[in-house]
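Undergrad: If you scroll down you'll find the structure; I have some questions about it.
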Amino acid sequence: MKLDEIVAWYQKRIGTYDKQEWEKTVEQRILDGFNSVNLKNTKLKTELIDVDLVRGSTFPKAKPKQSLLTVIRLAILRYVLLPLYAQWWVKQTTPNAFGFILVLYLTQLTNWAIYVLHSSRIVPLDYEKPPNGTLLQAEADGDASDKDADKESEEHAALLSALLIPCALSLLISLIHSQIVATNTASGVSGGSSKNKLRRISASYLSDKAATRENRVRRRKKIVRVRQVEADLSQASSNISLPNRRTATSTIEVLPRPVTPLPSPTVTCATVPDPTTPTTPSPSVIRRSTNEETYLTTTAISPLTQPLAAIDACYDLSRKAGGAAPESPKKRNVNWHTPIQIYATYELGEEPCSSRKVAEESAPESVGERLCSVKPDYQTRRNIGEDDGFESLNGKSSSGEDNNHSPLPNAVAVAAPPAPVQTNQLRLRLNTTNGVTASASPTEKKPQSRGNESSTSCAESDECDDADIMSSPASGCNQECTTSATDWLGVTTNSEDCSYTSDLDHSDGGLKHTAFSDEDPGELDITPTTILNPHSSLDRISCTIWDQRDAKKAQLSVLEIASCIIERVDSMGEANDYIYIGVVFSFLLTLIPIFCRLCEVTLGSDAEKASEISYFNMPQLLWEKSSASLFTLLGLAFGDSQWERMVLALGFVQRLCLTLILFIIFAVAERTFKQRFLYAKLFSHLTSSRRARKSNLPHFRLNKVRNIKTWLSVRSYLKKRGPQRSVDIIVSAAFIVTLLLLAFLSVEWLKDSAHLHTHLTLEALIWSITIGIFLLRFMTLGQKIQHKYRSVSVLITEQINLYLQIEQKPKKKDELMVSNSVLKLAADLLKELETPFKLSGLSANPYLFTTIKVVILSALSGVLSEVLGFKLKLHKIKIK
C-alpha cells in the first residue's frame, strides 16, 4: 500500500537524524549477522514457570488474522451482496440458518422495491387558496394543510424506520459474526484442492524465477565454511594446495541433486545408522542457512582416515560449475583463536555436497534423537541492504533478491524430491534415548534409500498419520518424513520427549507471510506443555478424592484436575432465563411502532385533549374507535393503503426475527459468562476440604511448591477455557450500541421540540434499557469471576495452615517455610497482575466510580438540604 510505504519511508528518514556513529556500526553488525555462533541441542526446563502462567498467556487463544477495517468492509459486502457470499455463510453457519437469513434478505429487497414504487404517493400535496375566500378561511385552510403535511411526514418517517431499522440490525449481526470468524480466513475449498492449487502456483512461480535467472547480470555466491577442531587435521588440510585437493581420490559418492518444482519447507528426519554396521568416524555437519550465506560448520569428532575425501567432495561442486576456488578465505568474522577454516564457493545453481550427502556416524548410545525443521520462504519486503536482524531464523534475504534465485534445500539428507507443502514454521523434535543429531554414513546407502522411498510415497499420498509418528518416534524417524504443517495442529503428546515449537515467535508487527501460508506461524510456538504432559510424574500432585464417605489419595495432573471441574460444570443444568428474557424483549421492541401508531390514532391531533386523557383509558377508547372489530384495529395499526400495510407488515416480521437473533447472541454471551463464573467458583473449592467434598472435586493443600505450581496452572487454564474473544466482541458490540443510543437520546432531549415523544425516541429508550440489562449482567458476572480468581483469602488461609503444620511437625520447618515464602510471592504476583474487569476495553476504574458516587451524593444532599430545611453532610466516603 502506498500510504504504508510513505509512513515507513518517513519513519526511516527521521530515524537517521538521531543516530550516532556507534549506533550505525552496531546496526551494520546486526545486518551482517552473527554467523560464528555455535548452536547446540538443548532441552527446555518445563518444570519452571513463567509470568505468562499467572497472567494466562500460557494458554493462548486464536487471534484475528484481519484488521478491523478489513472486517468492517467484508461485513458490509457480506450483507449487501449476501447471495454472492452464500458459500461463506453456509460454511460459517448452517444451510438452514443461511436459508433463513436469505429469506429475510429477500423480504428486505421486496420492501424497498414496494416503497420506491409508491413513495411518490406520500409526498405532501400543495394546497391552493380559493380565489374568492375570506382571510379567515384561508388561514384555516393553511392550518389544515400544515397538519396534513405533518401527518404525511410522520407517516413517511414511520415507513422509513420500518425499512432502515431491519437493515441496521442485519448489518450489526453481519459485523458481529464477521469479527468473530476473523480468526478463520481459510477458503472454503478442501485440503486436496488447496494443495493442487498450491502446486499449480508453485509451478508458475518456478517458471517465472527461471526466466529472471537467465537475465540476471550478477550471480550471487554462497560461502561454505568448513571448521575443523583437530589441530593435526587443520594443519594437514592447510598444507595441501587446492589443485591437489581437487585431484584427490574421493571415496564419498555425491548423490545427484533432486529436481524440485519449488523450494518448499519440508519436515526431514535424518536416517538412523544401524548400530551393527561397522562405522568410520567422520565429522559432524551442522548446516546454518542465512539470506546471504550458507555455512556448513564441520567439527571433527575423531581423527579421520580419509580427511581429504570429504574436502574433495566439497570442492567438487566448484569444479562442476567450472569456477575456481578462492585463493584466500574471506576475512570477515575471523576468529584467530579457532582452528583454521577452509572456504569454498559455489554458484547458485549448485548445491553443496554436504547438503546432498552427509558423512556422519554416531555411537550406538547416541542414536535416537532427530531434528525435523521446516523453514519457510518469505516474500521480499525490504530493499537491498535492509534487514531486520532475523535473517538466520526466517530465511528472508537481506539483499532483496529472494525473487531472483532459488534457495538451497533445507534438508540434511535428501535423496528423493519432496512434494510441495504449505508454508509454515514448525520444529519437531523426536527423542528416544539421548540427544545428538545423526545422519547416514556413506556405507549405509541401502537403508537410506529405503527410507527415502517410503517417505516419498508418504509425501505423494498425503496420508501420513501424525499419530503414528508421535507414537513411534524411533521407527518414524528412520525415514524422511514430508508432511504439511497444518497436519501438526492439534497434536497432543503424552511424554516429555515429544514436543514441537516454532522457529520464530511472531508478534503483531512481524514479517508478512507468503501467499501460500494458511496458518499463522506464531500459533505453533505457543503449545502449553503443562497441559500436554499429563503422564509426567513431575507434574502430578497428591490429591484427596472422596468415594462416597471414604477419602482416598490419588496422583493427579493439571489436566485431570481441570477436567474434573469442567465435567462438574457440564453436568449442571443450564438456566434459560435470559433466553426467555431476550424473546420477551424482542416482542416488546417489535410492538413499539404499532403501539405508537395506535396511540396517535386514539388521541388524535388535539394536544389539549391528549393531555386530559389518561393512559389507562386508552385501550377502551381504542376499542370503541375500532368499532369492536379486530380487522379495523389491524388496519389502524398497519396503515390505510394496501402497500403501506405490506411495508409495515414485512417490517414487523423482519424486526421480530432480527431482534430475536440479536438477543439470542446476547444470551449466548451471558451463558458463557455464567460458565466462566462456575469454573471460578469450583476452582475456589479445590483448597477447601468441605467445599471440595460437597462439589465432588479433588482436594489438595498448597503446602508444597509443586502444589502451588499446579494450582496456578489450573487457574490459568480455567480462565482461558471456553470462548474468549468472540464473547468479548459480543459484549463490546452491545456496549457500543448502547452508547450510540444514549447519544441519540441526549441529542433528542436537548431539542426544544414538541416531537419529543415520537416512536423513534421511545424505541431508542427501550433498546437502551433492554441492552443495558444484559450489560449489567455481564458486568456483575465479570466482577464475580475476578473476585473468585483473585484468591487472596485462599493464599492467606494456606499460609495459616503452613504455620499450623510447622507447629505440629517441627522437623519439616525448613520445607514448610519455603512453601510459605512461595505463597507470599504468589499472593504478591497475583496482586501485581490483577486487572479489573474490562467492558469493551474500558475497565471499571474504582477511582472513577468513587468520584461519580461522591458527585451524585453531593448533588442529592444539596437537593435534600433545600427540601428538608437543614444541611446534610456526607461522611466516610473513602477511595479504595
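Just so you know, glycine gets a Cβ as well, placed from its N, Cα and C.
Pulled these features from Swiss-Prot for this protein:
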type	residues	note
DOMAIN	4-185	domain 'PHTF'
TRANSMEM	68-88	transmembrane segment
TRANSMEM	97-117	transmembrane segment
CARBOHYD	N132	N-linked glycosylation site
TRANSMEM	156-176	transmembrane segment
CARBOHYD	N239	N-linked glycosylation site
COMPBIAS	265-274	compositional bias 'Low complexity'
COMPBIAS	394-407	compositional bias 'Polar residues'
CARBOHYD	N431	N-linked glycosylation site
COMPBIAS	449-459	compositional bias 'Polar residues'
CARBOHYD	N452	N-linked glycosylation site
MOD_RES	S517	phosphoserine
MOD_RES	T527	phosphothreonine
TRANSMEM	575-595	transmembrane segment
TRANSMEM	646-666	transmembrane segment
TRANSMEM	727-747	transmembrane segment
TRANSMEM	756-776	transmembrane segment
TRANSMEM	848-868	transmembrane segment
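I would like each feature placed in context: is it buried or exposed, what are its neighbours, and how far apart are things?
TA: Within its own chain, the transmembrane segment (68-88) is flanked in space by residues 98, 101-102, 105, 170-171, 174-175, 177-179, 182, 188, which lie at least six positions past its ends and keep a Cβ under 8 Å from the stretch.
Long-range contacts of the transmembrane segment (97-117) within its own chain (CB-CB distance under 8 A, at least 6 residues past either end) are made by residues 82-83, 86, 89-90, 159, 162-163, 166-167, 170, 643, 646-647, 650-651, 653-654, 657-658.
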Undergrad: Under a Cβ pair cut-off of under 8 Å, which of the recorded stretches 156-176, 646-666, 727-747, 756-776 contacts the transmembrane segment (575-595) most often?
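TA: Looking only at 156-176, 646-666, 727-747, 756-776, the most contacts with the transmembrane segment (575-595) come from 646-666.
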Undergrad: What else in the chain is close to the transmembrane segment (727-747), if you only count residues 6 or more beyond its ends and a Cβ gap under 8 Å?
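TA: 172, 175-176, 179-180, 665-666, 668-669, 672-673, 761, 764-765, 767-768, 771-772, 774-775, 778, 839-842.
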Undergrad: Six or more residues beyond either end and a Cβ under 8 Å away: which residues meet both conditions relative to the transmembrane segment (156-176)?
TA: 71-72, 75-76, 78-79, 104-105, 108, 111-112, 115, 122, 593, 597, 644, 647-648, 650-652, 654-655, 658-659, 661-662, 665, 729-730, 733, 737, 758-760
Undergrad: Please indicate, using numbers and ranges, the residues of the same chain that are 6 or more beyond the transmembrane segment (646-666) and have a C-beta under 8 Å from a C-beta there.
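TA: Apart from its flanks, the transmembrane segment (646-666) reaches 100, 104, 107-108, 110-111, 114-115, 158-159, 162-163, 165-166, 169-170, 172-173, 176, 578-579, 581-583, 585-587, 589-590, 593-594, 638-639, 730, 734, 770-771, 774.
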Undergrad: Looking only at the domain 'PHTF' (4-185), what is the model's average confidence as pLDDT?
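TA: When the pLDDT values over the domain 'PHTF' (4-185) are averaged, the result is 78.
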